[in-house]
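Undergrad: Structure provided below as structure tokens; questions to follow.
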């Protein structure tokens, strides 16, 4: 079954409406036993005649007291005996069937039912006309989404839509509407508004502005399900801007905003819940858009003008590119992708400018996830080409359940992805420049976050390549618990590389090339090793022996941090 089949099945069976109704019932009823409650709800769905009979409020009781069971005539008579006077002259009419009860629903309580149905039926954008460019701006609460979205809209002449503001205005204008009163309570507690309701409001707004060249949507989607719904019912966005900010900074900004603006969802309890929702949903959402090559990440823990400068560079490159096409993968010199064991001289002028010019992908990408990263065991493995790092990392992964990350491999994977970032990296390499440390660190962080919860720690080889990288890693993520130096002579490494050359014939494993690589390694690694020696994190391993002997030394060193 492919994605379209799955989507068609869910839509045909009314599954989204069923789940929305069940969730609304859970949030309103707050049952002690949610499993038993859901079983009773599903039984009611069968009695109603299927999912197509379920409304969003089917399981939302108008009163909180439980009605007695009505299982047949005997139960009805027992109920009537309990609540009616014994006097036979009491004037009441007996019905063979209870009169219809006016059940609250979106159709009966609002005047939007026909509009909502039309929105489901028709395309949002006229297929005969060019579709406006769509930019989605996402990030944690307090990350500056509204500020940056407005700046983007103003710079490019786009229309700005704040999903949060759409919902707040709707709640304010329909305060007597039971559905929106319920949504107001949901939002006030820090939970997400119902997905279909939010999508409907966005679609209504988009239909009102069909002639816009571009649209910036702030605060949507919040999770992968919303992203799928947006693509299914509206379109695939042209660009997703992710504003990453440290968790503590988000809290500070939200508390300050609560004092200044008094938004109902900025209360302390709701703030905690919103941050928790963001933490749970952000990584899968970012990964989803990364796989589609749509997202760019920005460090939002800076001055807003600095952040916007980086965003505007990215938007210019993505939506208004130069006419020259980027080189294809076949045009790229493979030698410009670093070997996983190679540490190179980073003295290029471009590298010195990297942090300023290439902050497009951010320096603090995962907000609250950084706290989880800092709790993980992080081990750097430093060693020259041919020192045996790759072999030993494989064995350590198997023994300890670590995740092995190689900066060279991460760069290769990124270049193969054909993302916007890969185009930028390719352009840099084609000019003969080195990939800036900011991009390498960003690739590392994304890979680490993707493995959170499934690993006991990280083995990182080929990094840091200079002291500045190590300092930046410590500042942005945290210092490693252990730095292992694979101490091996130049002669041993040369012999190993020559043997590998005879078996696999890599282009650069000639004697002359090997000598250059070793020279570059020693020149760059000596300051790095000295830096970690002063921090008492360095553990030197004699890598001259057999793989088994080296592995035993490594295990002894790693066991010391557990």
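Each residue, glycine too, has its Cβ placed from N, Cα and C.
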Undergrad: Say Swiss-Prot lists 386, 387, 388, 389, 390, 391, 545 as binding ATP 2: which of 456, 475, 476, 500 is in the same site, per that record?
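TA: Checking 456, 475, 476, 500 against Swiss-Prot: the ATP 2 site match is 500.
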Undergrad: According to Swiss-Prot, 142, 143, 144, 145, 146, 147 bind ATP 1; which one of 222, 257, 273 is listed for that same site?
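TA: Matched candidate out of 222, 257, 273, per Swiss-Prot for ATP 1 with 142, 143, 144, 145, 146, 147: 257.
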Undergrad: Give the range, chosen from 98-129, 162-193, that Swiss-Prot lists as region 'NMP 1'.
TA: 162-193
Undergrad: Out of 145, 500, give me whichever of these binding-site residues has the highest number of other Cβ atoms within 10 Å.
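TA: Most Cβ neighbours within 10 Å: 145.
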Undergrad: State the mean pLDDT for the region 'LID 2' (499-509).
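TA: Summarising the region 'LID 2' (499-509) by its mean pLDDT gives 57.
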Undergrad: Using DSSP, break the region 'NMP 2' (406-435) down into helix, strand and coil residues and give each count.
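TA: Looking at the region 'NMP 2' (406-435) with DSSP, the answer is 22 helix, 1 strand, 7 coil.
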Undergrad: What whole-number Å value do you get for the CA-CA distance of residue 407 (AMP 2 binding site) and residue 390 (ATP 2 binding site)?
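TA: With the alpha carbons as reference points, the distance is 12 Å.
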Undergrad: Work through the binding-site residues one by one (386, 387, 391, 435) and name whichever has its CA nearest to the CA of residue 219 (AMP 1 binding site).
TA: 435
